[in-house]
Amino acid sequence: MAPKVSPTYTPGPSNYNVAKLLIIGLVFHLVYIGSVFDCYFKSPVVHGMKSYGLTQTGAAAKRLVLIVGDGLRADLLFSLNAFSDIPNSPEVVAPHLRSIVETRGAFGISHTRVPTESRPGHVAIIGGMYEDVSAVTKVDFDSVFNQSSSTYSFGSPDILPMFAKGATPGKVKTWSYNEEEEDFTKDATGLDIWVLDQMKTLFANATANPSLSDELRSDKVVFFLHLLGLDTTGHSYRPHSKEYMENIQVVDNIVRETEKLIAEFYGDNDTSFIFTADHGMSVIGNHGDGHPDNTRTPLIAWGSGIRGPLSDSKPSSHDAYSEPWHLGHLFRRDVEQADIASLMATLIGINWPVNSVGVLPDVNPLLPGYLDTSMQGEEAIAVAALTNAKVILEQYRVKHELKKMHTLIYTPFKPLSDVTTAEDAPQIAEINRLIAAKQWDAACQASFDLIQQSLRGLHYLQTYDRFLIRTFVTAAYIGWAAYASLYLFRPLDHTSAAKLSSPSKSPTISIQTIIGIASWTTLVAFWASFAVQRSPLSFYVYIAFPCYFWNQFLVQVAGMLGTPGKTSQRWKKGLIFVVRSLMVLLALLGMVLGYTHRSIWSIGFGIIGLAWPLSWSQGVRARNWQSLILWISSCLATSIFPLLSVDKSESLVTMCVFFTPLIVNEVLMPFCLWFLSISGGCAIILSGSFAVWQVLRPVKESNTKSRLLRIFICQMVFICITMLITASSVRQLQAKKGLPSLNQWAGWIVLVISSALPFLVGSKGHTKYSKIVMYFLGFGPCFVILSISVEGLFFIAHSAVLVAWIQVEIAVRSSQSHSSPSATTGSDGQEQDAAKDRKAKTNLAQAAVAHKFQMDDLRIALFFLFFVQVGFFGTGKSFYLAPVYRLIPIFNPFYMSSLLVFKIIAPYIMLSVSFAVLNDSLNLPPFSLLLVALTITDGMTLAFFFQVQDTGSWLEIGQSISFFCITSLLLLWSAGICAAGEYLMADVLATSTPSHHLKQT
């Protein structure tokens, strides 16, 4: 009998298709970004509510004028000497508005919510509701304008149409300027003056048009003046600039002229005025997040039906923030932004917007509001408070009925469980009894309590599915990590090998079959419950992912049960795995902290730059001392940038020279301009010249060296040209002369050509490192024309640390290879595995799978994730619009955002090509280290998901959402970096290790 030969097993690459993994991961992470909004921030708009208002009691005013100073900060309007750094600045920047506050009006702060952008801010002011934080659920909603008899609105084409769209046709009339007029490089006060001129024209036309005059003289008319100039000026020149101060003065004069115009046309005192802002402005000219400078806006109300100034209360209504206003003798009444809609509806006697969650400031009996009680009487205030309660209770009732109808096991909000309609609710009956008994304060207090209960009930219903979604998310992200780990350890290969070597058994129901049945049963059960409850379609997708991930993981792991192996070896490997996992967990927690404490990134550079080399052997440090010095110095240099303030100011010195900002007197600026711009690119040119010398020195063939030298010289010339263009553009913009067309076209041409050149030049004569240098110089002009401070210096340091990373990793891996022949493969020997690789690999994805995972890959993957995030957080996470104006002076969100994203991407081009060279230099197949990264990134994502907040500080809310989205996209970004690097460097890597770069068959 012939001897029995044990069958052999060669892992089939089709078992673990990396392309499939990446596609699934991409779809999964994109879909699950929506989970944060389904869980924490859902659109509050529902339909079917009954409308309530004060039409039966008579209005305090016949008409209302709403003036919104877009982007106006409260402190810069109210404070004395708010612009003390500007020579000859006035003590009071808005004397007319201040005189209103001091003599005939009420004032306070309107607290906004994130996102502090124009659309959600105006929705809150005019609609009384808070649009979901993503600002993407742009459904039609009710508004004060829709409830008015007619509204005449003047201002930006970005704001006015959205209120006309959701209103009764013809009710909201709009006058907007062209989008081309929103030029960030010119004096934006012209936009505000245009608004006033259009309103003057309207009243002038009414004198000759009887029908228009009758419309204007009707009751319940609203005038809306949207003044965009402050927002445009703040973006261009920062809110503490002379230009912003002058724009406030223009707005103050427009308020005065508007008040005069209304008085002349109507000849009565039956007009109410509201002046406020949709959002504030940070010191760097940005908004959108929850910084207090963005969320605190002024509110001034005066005119018919509005009380005059009141003496301050005890305890004082003021704090340290309002101390510089020198208004401490007057009562400051703060409100939430949505409360303004309730105040406006009350003043002109219209129905509240049905989606309004605003609370009339006068409802709270413990604090004075904005209404004139001497004119309207305490009964009118109590009736208004009751109406306010009905509006919000009605929203709760409709949402309660919808949720009850579509939920299998529904638990109502206990304090309001007996509400059937807003009219016959026992709480409403009690308030009516108090009003009938003329107990006005008690009625207001009962209304206020009911409003707070209703708001809590709305929040309860809004977050009813939160526990379920959190469960989905937790199971899905942990399941993804488990599923991705299969591509590292490949239990299916071991299982198949074990089956080939083990005797066959009689067919029985396997554990894999049981797992599959359980997975499908779970999925179908959830889908059935979702169908009954009419859950969103996203829920069906959410549950599908964890079911798939855990089914795949458990099936393959179950197949390994009973495979041969020594118990002692398993315990040893298990202990090592636990220790390594704890180290990875600590590293991930450090990265999580780095999102809120930027100094963590600096500490990280200290650890990898100083502590990690201590783990090397003395021989490795001695043999590679040059690479070690470069590594340490570049890590320490890059660690400086996370410690710098993210509040940067434009400086020709730092913008072009990339050195520490110098203080240059404005008088000397014109004389220093040419000197600064000529010496502008010295840092990037000097570092690039040194790199060119290093990469060309080993080249022996003179023709090749000359060709590469010509390319590098051409790139440096582009940098010099960009410096000249940028210096000229900055000078023109600072003088408010607009951006010359020649500068704009020249800037675009140089930026496009220089950035495209590295992608168009062939690989002939290039080495791996010369091509890295070419990409470095190619993006030099980007960091001249689009930088505002030290970003360019960061680009140099970050690029240097990536090149040093390649060198030190080669040194460390080489030492391991010499000390242990199996160290680099984790198998029986390098030669044997190399032969096995050549046989198994047929494309890049198969190469990644065939690579034997080793623990050192885990550290390299963590380094990679560290550099991915440092590329974004290195110089601050804010987007600065000022440099964009050198190329796009006219407001265009899409193209402006594209330029900012392009500037963010540039450092990642360097990371992608460097990482590809690192993979090649370590003889690793492409995407092999990415597989390691895929299993650990979502530890950060899950941590940030549970840190998302929907209450508390607006800054915390905005940051928590941003951090979750960033980490959710980390997989996509990391995969893109790896793929881009392999593509960009394929021509120079293909000749070095052919076995790792075979084209796909």
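Glycine is treated like the rest: Cβ placed from N, Cα and C.
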- Have a look at 792-812, 960-980 and point to the one annotated transmembrane segment in TrEMBL. 960-980
- Message: Is it true that the transmembrane segment (772-789) and the transmembrane segment (708-730) have 3 or more CB pairs under 8 Å, sequence gap of 6 or more?
- Response: yes
- When each of 509-532, 539-562, 894-917 is checked against the transmembrane segment (20-41) for Cβ pairs under 8 Å, which one has the most? 539-562
- Using a Cβ-Cβ cut-off of under 8 Å, list the residues of the same chain that are 6+ residues beyond the ends of the transmembrane segment (894-917) and lie near it. 755, 768-769, 771-772, 775-776, 779, 782-783, 786-787, 791, 794-795, 798-799, 802-803, 805-806, 864, 867-868, 871-872, 874, 879-881, 884, 887-888, 926, 929, 973, 976-978, 980-982, 984-985, 989
- Item | Tertiary contacts of the transmembrane segment (509-532), as residues 6+ beyond its ends and Cβ separation under 8 Å | 406, 408, 539-540, 543-544, 547-548, 550-551, 554-555, 558-559, 561
- Task: Summarise the model confidence on the domain 'GPI ethanolamine phosphate transferase 1 C-terminal' (456-953) as a single mean pLDDT, whole number.
- Result: 74
